[in-house]
């Protein structure tokens, strides 16, 4: 029942003069005279949320509030909420500042304070503090010092409970101070036992021990925690009751001997013996047990002469038996839920009782106190539930709370910009819900917690939400094992936190420059490319993909062969930008134009949009997931077949993989949206080629086996790769079951006459197989060659849209379309549509100016017929030459490429074999070596790794065999691979790889696992980047590459219906002592600031190094804290799991264990070192 008379009664009494009431004298020590004396000012000897709670009660009662604060708390909100505030404990450690009794008394005396409220924690259960307050002529808002001492002493409290007839748990007769005493008790009474701080509570200094070998270590840790938190490390030991409920009864007593209970709370949802969620009243507690428990609590309070607010705690077993644990002679954190169900303000009541009012005068008689509904309190803490609830510190970048009907918030420094320090408790805000029943109260709490937005530190909100949605919780089926026995509570989807991560990324770019290497000094253009409109409300027209989806690969190939017109494959989405823009075109720009392509180019043979270099470049440089790119393109282009480049047994990598990796890759690619696999091998090595074909075919894709073309079939002098070589290869591939046959002219060497000879020869032998020609336009003859192929019987040729064609890219789409208009091979494409498509890419290309090939290459060059450099490699070699300082020697590099190719045996040159030739060429130029010198000095030279591995046979066997004597001279006694390189590799254990990734990353998908199987380190770096900076692929390209301009406003669409509005405001000119620079943004109209480490400036400042998360040898701090114990030294051998260091933070201690076995190489810490999260502790080899 809510007490309407309380406020008016109090106001009436405050107007009267102090007076004396006569009461009976009680043997339990209650006073026989109760003097009423109004309190004018209250000092709260505490900090944070509870201090503010008391201040608010004082304000409502017209009482002046006084705060104290430590040096570390000078920016804390609690000192600003008080009427007056004074610093205490200058020069003392953070916790000790609030434990300095003489200084607290001095502040009271100097500032006319009448009374002191201890809050909870710190000095709240110290009888010497209560006595010092009284001795100073002040009033202590709490029980008498004698009661505080008796109830704070676990042993004395047990004696009192026995005297009052309250059942107890077996335990030690007195405090235990040594591990030897603890071990003796455990041996005598058996396990399990629980160690508890003898002079404090709140879960600090508490350990459950179930194994005898853990007794000493657990005692030391618990005692150390207790000493840090309460100033005394003495422990109390009890037998541990299995499967209990933790029920506590709230009491309120006055100086006249009146005691009432305010019903009970269920505090069973705990971890590390600290309460996480509290409920009032206790659900599913039989009334008869409740009555016995509350009666026992009141009886104990009267027995000891208890006054003011307090709590009696019990353990209740499954049979309904309950046992006294302890009395908390203070206000408790969870007092809020009792206030909600009874309507009684406990803090105001404490003050009123301290003034001398009796409970009847306040209207608090037992018959009038009736609970109403259910209240739940969740403690939102800055702890990471995914990392064993380790405390998390830092700056609150964003704070937005949940509110609304039935929700109460008790907090302190919960606001944007607040600093969460490692010195105090991790509590951020208490959220209290109240409703008519437990389920409704849980629903309100759930809704409120979901409204919270907290960025900058991790919180336990995801865990709390799982608790609130657990069916046992919702039905009140609880005990102290609840968290331990529900591991699903720890399976939660972490907050995306996309907005804050993106702002951090942009801040990083503004302070430290581009986060992807730029190839030139050119800047992205200030343009927003115009996207041609399409009718999005209608489905795009049907295309060839319908045949593939409905009838399968064979029917698809037959349909292609039956088409009379020349079909085109558009390479704009992959090979064109690989050749012209270093493969840097982002999904952001590809997806913008995708709907237009779907509606206007539905009769294309395919879009080449994936695989090859785009896969690892997306991860490595663009920081986006290639699988997501494929999936999103498929959503926008459902009607055109997609084609990818598959490097045979090398998949989309540069080395050999176990066979199951190639098969799994193709399977996942088809599931994600891929249709056609253009399978090739960099040496035309059939065993590698056929493996890729089989993998693509088994996955359900169209198999397009590709013959990599080199040489010149029209030149009778070029005998190694003659017409017969190619027709024989074609025979083998058709026999192996290819659906489509491709000629892959990766360097653009296929002259028109050579094209006529080659295609005619293959068509004559295989009249029913579709033939697809891929080329590059490096020489400028690409259009002529493709027309020659078409006239000779090819079904498909490659083109790129005009503004992305020419030079090392593919021939012009518009040129081919126009050339065939009105002929039997007419492509049926509208030249105006091609022009509109080209206009988009002409603008978009300017965004990628830093990677523009025309920086170093002004036109095509027919010398490609001499050096035979593949189109995609040509521009890359130019950029590499410039970056290595060989820009003026690029002509020499091209000549060396020809010589290197001949040295290696005149091989097929396409990734990865082309890289071998390119590496050898640059090696020769850098070291000023001729081909003859390389051969002569082969035994003494240190060749590039790719050259050595090629000669070992790591990518297959070249046509005609390896070059001798070069191979023997380079390899000497090195091992050689005979046959297909991947044939002897063991299958990759994908489950094991996934578990390894999950140890370091959250939300690991099967796609991530596949990427890691191909590119382990690149994928690991990508996952780290994504977790730190979020979906950077959503940013406009210019902003992604070079960041926004100060003052610029722009939108970032995250998903349908969710768009961020951002404005870059400023970058601070001042550098903080730790090398941090502040960057300011406006996000959705609200000010946001991020702190970015200036990597250039920090070189001149000593900053503790960070552990590299991807390097397991580097042991980082799992949480911020202070080093209090180092258990190893340099040179020590350590085992995995061995304790290395003990950290202390937020009054909690943590043992850092070794992540691996090895030897300690370097220590980066000393005792007393203060660490931030992820600071490097040591290196283990």
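If you go along the chain as it appears here, the first residue is 1 and each next one adds 1.
Glycine is treated like the rest: Cβ placed from N, Cα and C.
Nobody curates TrEMBL annotations by hand; they come from automatic prediction.
Taking a C-beta cut-off of under 8 Å and a sequence gap of six or more, residue 238 (ATP binding site) has these contacts in its own chain: 169, 170, 171, 172, 193, 194, 196. Taken from TrEMBL, the feature ATP binding site covers 154, 238, 273.
Under the heading domain 'ATP-grasp', TrEMBL lists 158-355.
Taken from TrEMBL, the feature active site covers 330. Counting every protein chain shown, the Cβ of residue 330 (active site) has 27 other Cβ atoms within 10 Å.
Long-range Cβ proximity for residue 744 (Mn(2+) binding site), meaning a same-chain Cβ under 8 A and a gap of 6 or more residues, is found for 678, 680, 706, 707, 708, 709, 774, 910. The Mn(2+) binding site feature in TrEMBL is assigned to 575, 744, 774, 776.
Annotation for residue 911 (substrate binding site): spatial neighbours 612, 613, 647, 654, 682, 870, 872, 873, criterion Cβ-Cβ under 8 Å with sequence separation of six or more. Marked as substrate binding site by TrEMBL: 647, 911.
Look at TrEMBL and you will find 1147 tagged as N6-biotinyllysine.
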Other than 154, 238, 273 themselves, what residues in this chain have Cβ atoms within 8 Å of the centroid of the ATP site's Cβ atoms? 171, 194, 195, 196, 197, 206, 236, 237, 325, 326
Quick check: with 575, 744, 774, 776 left out, which same-chain residues have Cβ atoms within 8 Å of the centroid of the Mn(2+) site Cβ atoms? 571, 745, 746, 775, 798, 810, 871, 872
For residue 273 (ATP binding site), write down the residues of its own chain that are at least 6 apart in sequence and whose Cβ falls under 8 Å from its Cβ; none is a fine answer. 194, 203, 206, 208
Write out the long-range same-chain contacts of residue 154 (ATP binding site), meaning residues 6 or more apart in sequence whose Cβ is under 8 Å from its Cβ. 171, 175, 196, 198, 236, 326
List, in sequence order, the same-chain residues at least six positions removed whose CB sits under 8 Å from that of residue 575 (Mn(2+) binding site)? 608, 612, 645, 774, 798, 800, 809, 810, 871, 872
Residue 776 (Mn(2+) binding site): tally of other CB atoms within 10 A of its CB: 32
Measuring Cα to Cα, how many angstrom lie between residue 776 (Mn(2+) binding site) and residue 330 (active site)? 82
Ranking the binding-site residues 647, 774 by other Cβ atoms within 10 Å, which is at the bottom? 647
